[in-house]
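Novice: According to TrEMBL:
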SIGNAL    1-22  signal peptide
DISULFID  CYS32-CYS46  disulfide bond
DOMAIN    60-209  domain 'Cupin type-1'
BINDING   ASN106, HIS111, GLU116  oxalate binding site
BINDING   HIS109, HIS111, GLU116, HIS155  Mn(2+) binding site
Amino acid sequence: MAGVRAVVVLVVLLACTIGSFANDPDMLQDVCVADASGILVNGFPCKNISMITAEDFFFMGISKPGQITNKVLGSKVTGANVMDIPGLNTLGVSMARVDFAPYGLNPPHIHPRATEIIYVLEGELYVAFITTSNKLISKVVKAGEVFVFPRGLAHYQKNKSKYPASVIAAFNSQLPGTQQFAAALFTSNPPVSNDVLAQTFNIDEHNVEKIKAGLAA
């Protein structure tokens with residue numbers, strides 16, 4: 001039980017620390033609980049202060065491992081951002097949990113609006129990010145260890161062992177956004193044209209179609 005408390009305290013401290021350097025705009029009042037009423041602004045309008053409750057600041061979705069249904073990637077990301085916790089609106093922080101099956105992968109992606117810091121709950125992972133000069137920065141991280149992925153840089157996590165693994169991630173944005181490269185290029189709607197993809201990756205259009213079909217499945 002003491003170990004669990006220590007993990008919770010550490011993750012909260014990490015979230016608060018990166019929140020002090022938040023990318024999101026500073027708040028102008030005590031709280032601004034998101035009112036997702038369909039009004040489109042940069043963020044969300046505030047719910048009337050008389051209408052907010054403790055539930056606006058509570059979420060239990062990352063308390064247990066996520067159900068891994070993607071058998072190809074073998075990973076499951078469970079977000080805990082402003083879409084799940086309205087009270088995060090304007091606070092400049094959010095979290096996520098990532099669970100990995102044996103040999104599972106959280107594929108290359110970016111977070112356009114946030115730096116990410118992970119804490120390994122169990123297992124060990126090979127993690128990496130790539131700088132804009134194409135330098136790969138990689139390391140194996142184990143339970144109790146922390147690793148940082150700078151904002152906007154391509155990164156991934158791979159479980160290379162036969163045992164499950166999981167991490168808690170913290171972000172300095174209420175809604176960091178995620179863009180997976182393979183999905184963005186090969187499953188966009190409307191689609192990127194096959195000739196563009198074929199020329200980009202130096203493959204023929206038949207292989208482009210095979211990749212699209214594999215990702216769609």
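Here the Cβ of each residue, glycine as well, is placed from N, Cα and C on the backbone.
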Novice: Nearest to HIS111 (oxalate binding site) by Cα, among CYS32, CYS46, HIS155 (recorded positions)?
Specialist: HIS155
Novice: Nearest of the binding-site residues to CYS46 (disulfide bond) by CA-CA distance, picking from ASN106, HIS109, HIS155?
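Specialist: When the Cα distances are compared, HIS109 comes out closest.
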Novice: Do you know offhand how many angstrom separate HIS155 (Mn(2+) binding site) and ASN106 (oxalate binding site) by C-alpha?
Specialist: 9
Novice: What is the nearest of the binding-site residues ASN106, HIS109, GLU116 to CYS32 (disulfide bond), using the Cα of each?
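Specialist: Minimum Cα distance from CYS32 (disulfide bond) across ASN106, HIS109, GLU116 lands on GLU116.
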Novice: Between the Cα atoms of HIS109 (Mn(2+) binding site) and GLU116 (oxalate binding site), what distance do you get, rounded to the nearest Å?
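Specialist: That separation, Cα to Cα, works out to 12 Å.
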Novice: Name the residue among the binding-site residues HIS109, HIS111, HIS155 whose Cβ has the smallest number of other Cβ atoms within 10 Å.
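Specialist: Ranked by other Cβ atoms within 10 Å, the binding-site residues HIS109, HIS111, HIS155 bottom out at HIS109.
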Novice: What is the three-state DSSP composition of the domain 'Cupin type-1' (60-209), stated as helix, strand and coil residue counts?
Specialist: 22 helix, 58 strand, 70 coil
Novice: So what's the mean pLDDT when you look at the domain 'Cupin type-1' (60-209)?
Specialist: 97
